[in-house]
Each structure stands twice: as structure tokens, then as C-alpha cells.
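Notes for the one structure printed next.
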């Protein structure tokens, strides 16, 4: 799959390259007399780019065929003359009320047949030819009007596709799904084979009999092959819509373009890796997860975004200065986290740090969502932090950070959107296992052992790493299977977990015992699964291992171990369970490489405790013992080595003391002792040095 050529928004004429800094700006929500104050405050904060007109369709086209760009012209002119570039939105994120009144057929339909009414956002369906015509018309009008504007440096196409309209079960979608299946499979017999329709008398005679996976009754089970393809189709339908908008803009005004993804550990709405091939530069919206996993999940998501971008620079298009508005409890950021979180994304490869939004709304559904200028105004800690961050970003740019990229790790944790979709089905061995949790646990456990891993999509170049983790990768296609086998045979070091290689890319089980097509690579054969839980008293709710760890939720029944393999850890259990002394963790020699197999869900803590022995078995070196796990070290460097930056993040609630090598550039909640070449990094603190 080919990537579009990478294109990055360039600075305004006469300006030098900077780390792009600010985010969504919604001047149409405020009286015009506020605009001049906004621009002055932006200059004070070091802002150099804003995204404008994302949800402005009703103001850009107040009546059908009547366009008003005058207000937007004035905004862009004020910004540009102040040295602030514009990432201009297509304006098509949500249709105006006049359109939905005239054309209710553009509204998406849920699986029970209920129509999504206007009143919020993103109530349009991706397969509506009517809505597509309106959207493309606005794109062309925007492109024509702003094609020669010197202050517009990039296109922001729509917004967070699929956030609310991921699935549409309308008649438009039904016809599009039929065409998608015909293109993918060619014949209806091939569809029947792929979906296993011989089961439950679901065989179809022609493509017109294909329908979306609508409501089938409470407690029933949808055909899993069909459901997996439906998720693929839904992602592709939105992708096709985006590409149509993109092409309409670029045909007239060929500026760098993007659309904002929603990459996080648990957000798998679309196949963002596939989408990443069709943008000029990757951009992402990330909102922190409150609690003890806050930093680790954020770092993981940033690493995955970097993997989707194939280590090209990427935009952090949205994150928050503090609380969001859409959780049951909207926790604020702790002191220091505004700066630390932004620098974490920067460390992981982002060359743009942007927020939702510039000025906190005084009305509307997101009025309680934090912003760079909060309700309290510029005399606030949030705005002071915003200004501090702006100065830090300018300093790092002056020191040459923009010439660097995230330094490649020795370990790649593989992530697969389709494996997550497959594990979401309601008829699986257990509902407690989902693909997305295991990569995050491995990322955290590796960090506990001094290794900051890269997170690489399954289509990505993971086989170029010294070591690779396949964490509950339920789907192993024939192509991926070949890559795995070649990787280990040629000397690769592989970690494989339970729930990996169960099915192929049609969701058909690999027969002969698990893990399917790579049993000989890992050197074990699993005959059966042993899910665990607390809902049936008298059954197993956990399993102890003889290395001091505990398995929960899931374990493999490993019935044979190859002569080329040896057991690293075994289960300790009552005789009645059949698990006492059974293999739990093994290492196998395969070709010139080694493959470790972890046959149970150990969680972050169990993995962290098991990894030292496994890392030693596979010959993978880790960091010094004295700071293991307390501090995350991330490096950015250029190809020449002239510019090399080290970011040190305290991921604990205690002060972390580290040795300092190089020149300290940014110290947020960190005190540097220059005479002793050490630094004390406070909780939520970060230190950036240049080697």
C-alpha cells in the first residue's frame, strides 16, 4: 500500500520554520471586537498557526447557494498580518439546518432503523450522494476563494470522521456495502465462503441479498465474518468520502492537507493506519486518560501515531489544556501536566502542538471543555502555562529540533485495528479479552524495564526491529504469517501472547491447534482455552505462576512443547484444575531467531516481572538498573547526529534524580544541579537536554 508523498505546511513568507503551535480557533462564536484581543494574546503566547472554520458551514453558506466569506476574510487577514498562519478547514464537518430540513435523506440511520436527527454534530451519512454533492460544492467554493491567499498554509478536511457517524444502516449504506463486497470478492460464492454462511442457513444467491448487520434481536449473534467486513466497509466508506473532499480542494488549491485522526489506546473507530496512506501529513486528536495510566497511555498513543506516520513529522491537532467535557467526571490536569503532556507528544515525533480550543466557549455543548484562554481569562495559570510552553517550543526549534525525528527503538509492539474489531464480537471465548489492552500492557511493562518501545501497525515495518511483540493479535493473515516466519528464521527476537494467530483475515480459524499458522515458530501447541472470571463461584478466577506472577481472565491449555523449546515459567494450581505444572511461558529456537510465548494474561505488573528473564533469554539489553521504570527516556536525532535531544519524563509520584548529560534546554518541574550534573525531576516534570 503506497503512501502519498509527505508534504508539510510551510511557514509564512519571511518567517523561519517553527514548531506549529495553537489549535482550533472559532472566531464566529464571538463578537468581532474580541478578535483583536485574540490576536494580541496569540502573539503573547507564541502562537503561529490556527485551524479555522471547522464547524462554520452554517455561517459560510447561510442559505443554499448563498456564500459569505467576508467575515472569514477579515479573520484570516488579521491573523496573517500578525504572523499567524491558517490551517483552513473545509467547513464540512456538520451540515447546516436548512440542508437537513430540505434533505432528511442525508441523516444516518442506526442499526434499529432510528434516524439520527440534527441537534448535535456529524449527523450526515457517508454514502449519501446528496450530501456528497453539497460537501464537494463547499470544498470547491472554499478552494477557489482561498487558493491564492498567502496566509493559508494547509487544508483541514472535515473533522474526526466517524466520531459519531461510524456506522450507518441506511438504504444508501446497504447499496454501498453490496458494491464494496462485489469489488472485494468478485462473486457471491466467494462472499458465502468468506462469511461461512453455510452456518445457520445464511447462504446468499446474489449481491442484492447482502444487507447491513442491522438489529437481529436481543441476545443473538451476528455472523462474525460479515460483521468484520462491515467494520472494514464503514471505515472505507468514510475514507472514500474524505478522499473526494480532499481531491476537490487540491484540484483547485494544492496545499498540504490532512484530517484529524483519533488515535488512542482504546479508540479503534477507523483503520487509521490505512487512512494514514491518504493524507499529506498525519494529524491526531488525543485526550488524556485520567488516572495512573495517564502518561503511559499518552506516550503509547503518540508512539502509535508516529508509527502510522512512518516516522515522518505529524500534527498533534487537538488535546486539552485541562478538563474535557464528555466524561462522567471531567478531571482537570494536575500542575505541570499541560507542559509535560505537550512535550511528550513532541518527543514522540510531533512537530505541531495544538489544542482544542483557543478560547473557552461561553455557550454550547463544549462550554465546559478547557481551552488556552479559559473562562477566567488570560490572568490564569492555564494561560501562563500556555505562554511558558510557547517559549519552550520556540527555544527547541531554535536549537534544531525540527531537523530531528523520533529515534527508532530496539523493540516494536505491533498493533492491528482489524484484530481489535474481530475480538469485539459477542461470541468469543471471553468478553474480557480485547486486542487493544494487551499492546498497552506490553508498552508499560517494557517501560518498567527501561525500554521505550515503538508501536507499529501490522502493515508497518515491524520486521526491521531487533525485537517484536505480537500481543493478542487475533488475526494473522497469510501475508503476516509469512513475515513472522521470515523475521524469526532470519534472527529476529519475537514475543507472542495468548489470543494470537487464532484466525485468518476472513475470521476463519487456523486449524490444528493454536496459535494457528505459527505453532512451529513458537514451539507450543494449544488445544483449548481456559477463560477465568468471578461470575461463576467455584471456577478458576486466577492462576498463579511459579515466577511469582498471577494470570487473570485467560490462559492457554498448552499440551505440547517442541524439542527446540524450553519452559521458562509454569502454572502452580490445585490438581483439580489440570494446570498444576503446565507450561505458561516458553522460549523456542526457530531458524536463527528465538520466539517467546506467554500463554496467559498477566497484565502490566505480571509482564513487567516476567520480562527480565525473557529479555535475558532473547538477548535484549535494557537501561541501567538505578532508574529503571521511574523515568521514560525518549530521544530525537537527525541523520548526521549534529542535533540530538533527550527527553526525560518522570512517570511516578516521587521525585526522580537522574544524571544529566548534555545541555539542559527545558526544565519543567525539574531542578538541575550543574555542578553535580544531575537533575531532580518532580512528579509530572520533564527535562529536555541537547547532547
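Residue numbering: from 1, along the chain as shown.
Here the Cβ of each residue, glycine as well, is placed from N, Cα and C on the backbone.
In the three-state DSSP classification, residue 160 (active site, proton donor) falls within coil. Neighbour count (other Cβ atoms within 10 Å of the Cβ, all protein chains): 19 for residue 160 (active site, proton donor). Look at Swiss-Prot and you will find 160 tagged as active site, proton donor.
Residues or ranges marked as active site, nucleophile in Swiss-Prot: 318. Within 10 Å of the C-beta atom of residue 318 (active site, nucleophile) sit 21 other C-beta atoms, taking all shown protein chains into account.
The substrate binding site annotation in Swiss-Prot covers 121, 159, 326, 366, 367, 368, 369 and rests on similarity to another entry. In this view, residue 366 (substrate binding site) is surrounded by 17 other Cβ atoms within 10 Å of its Cβ, with every protein chain counted. DSSP assigns residue 366 (substrate binding site) to coil in the three-state reduction, outside any helix or strand.
The local packing around residue 367 (substrate binding site), expressed as other Cβ atoms within 10 Å of its Cβ over all shown chains, amounts to 12. Of the residues the record lists as binding substrate, namely 121, 159, 326, 366, 367, 368, 369, the two whose Cα atoms sit farthest apart are 20 Å from each other. Residues near residue 326 (substrate binding site) in space but far in sequence (CB under 8 A, at least 6 apart, same chain), listed by position: 369. Taking a C-beta cut-off of under 8 angstroms and a sequence separation of 6 or more, residue 368 (substrate binding site) has the following same-chain neighbours: 323, 325, 330.
In this structure, the binding-site residues 121, 159, 369 were compared by how many other Cβ atoms lie within 10 Å of their Cβ, and the smallest count belongs to 121. A straight line from the CA of residue 160 (active site, proton donor) to the CA of residue 366 (substrate binding site) spans 16 Å.
Here the C-alpha separation of residue 121 (substrate binding site) and residue 318 (active site, nucleophile) works out to 17 Å. Distance from the CA of residue 159 (substrate binding site) to the CA of residue 318 (active site, nucleophile) is 11 Å.
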